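For 1-31, the entry in Swiss-Prot reads signal peptide, with the evidence type sequence analysis. Residues or ranges marked as disulfide bond in Swiss-Prot (evidence: similarity to another entry): 177-220, 211-253, 311-364, 395-407, 401-422. The active site annotation in Swiss-Prot covers 180, 317, 339. Positions annotated as N-linked glycosylation site by Swiss-Prot, on the basis of sequence analysis: 356.
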């Protein structure tokens, strides 16, 4: 992106993101006891009076946690190795002590709370090494002036785009794929589309994963939201999630679905960096894609409240700011941030992050690399339905060739064809050697010279005939065939 009025970002984001492998192993809701959270969350009997859970209590909590987060319950292990179950329990117990101690302090002083979520049997080092990405060299940004805060205009005290129906519910889950950048961009586009057109349409993250390989985007191996917006604008729109569903893995771009442009944008701009007031102004008008440092232990185990925990500015995760406000109980200003780890992380898939901090970068770097899609007009008209496929070519009563090919006789007696072949082009001329054919644009076939030409004496625009494949008999057990590629016509 070309620069636009501000200094270049020191480090652009290449989100390898959180690959939520554990999401695939969640059991049905009935598998978890109804009182599980009363056991695995902080209990006033522990921590406040300096007591620690006994090993038996910790194992009971771990068994309940396994029933909720791992298929197979207490006898299972993350990787199936001998001794891994015990090792995972020890990590879980250490995290449980950390959560108990933190929540005891939170109860005394007020503050955000932690919980034993799906990451509770990972050390923070494992969490960071397995699920977090890197930060490559930066590049220019397309900084817009529309939301630059001049310190004069009044902004609403609070905004929540969920209340205005501009976010898809429930929170989506990126699963075991580093596609947070795609989820962030899609959520921002879904929001602006609702604001402009009045329609809330769930859009396809998978199209971005498979088709948006521009810039720094690399499917499940990470990407950045600006490049996702650039792809959507250049492509003329994005397909729906229903038509192009998410698979949590890389794949080949489906060109037919890529051409179904249901929701479009006109472009994108970047919020002036390191300026929370400009970010606030932007979020007051629409959901905004932001990048954050999500690698801290407290972030890993976040459960509820306004997050004021330790974090840096190593931008490694893409999320969406969908609002801001002030906590009624504590008076803490916060950002409402939509994650892509499903609805069972944090506050139904959201985290409230501290706002108006001393650092210009914002909490966890939230003000460093924010961007938003631009949309001014209606969406593209629905594409006409694809034409029905042509029927197979019937050569005779017993043989046929696929649609888009031509029946040519391979072997015959007098005027009766015994064996049919299929020329790999439609409307072709069958050559007299009974084994090759010429396209209709070059109908003159010289089998001996192996040429196709436009006229009998033309020395120009000569092509080589294509070889034919055997036709399909009506009795499929007798003969099989493969149609040769059009590349035979060179």
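Just so it is clear, glycine is given a Cβ too, placed from its N, Cα and C backbone atoms.
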Q | residue 422 (disulfide bond): tally of other CB atoms within 10 A of its CB | A | 29
Q.
What whole-number Å value do you get for the CA-CA distance of residue 407 (disulfide bond) and residue 422 (disulfide bond)?
A. 5
Q: Take the C-alpha atoms of residue 220 (disulfide bond) and residue 180 (active site) and report the distance between them in angstrom, rounded.
A: 9
Q.
Can you tell me which of the recorded positions 180, 311, 395, 401, 422 is spatially closest to residue 253 (disulfide bond)? Compare CA atoms only.
A. 180
Q | Least buried by Cβ count (within 10 Å) of the recorded positions 180, 220, 253, 401, 407 | A | 253
Q | Nearest-integer angstrom distance between the alpha carbons (Cα) of residue 177 (disulfide bond) and residue 395 (disulfide bond) | A | 49
Q: Starting from residue 317 (active site), work out which of the recorded positions listed here (180, 211, 311, 339, 356, 401) have their Cα within 10 Å, and give them in sequence order.
A: 180, 339
**Q.** Secondary structure of residue 339 (active site) (DSSP, helix/strand/coil)
**A.** coil
Q) Among all the protein chains here, how many other CB atoms are within 10 A of the CB of residue 395 (disulfide bond)? A) 22
Q: Calculate the distance in Å between the alpha carbons (Cα) of residue 364 (disulfide bond) and residue 422 (disulfide bond), and round it to a whole number.
A: 64
Q: For residue 339 (active site), identify the closest of the recorded positions 180, 211, 401, 422, judging by Cα separation.
A: 180
Q: Report the same-chain neighbours of the residue listed as 'N-linked glycosylation site': residues 6+ apart in sequence with Cβ closer than 8 Å to its Cβ, ordered by sequence.
A: 276, 333
**Q.** Inter-residue C-alpha distance, residue 311 (disulfide bond) and residue 422 (disulfide bond) (nearest angstrom)
**A.** 66
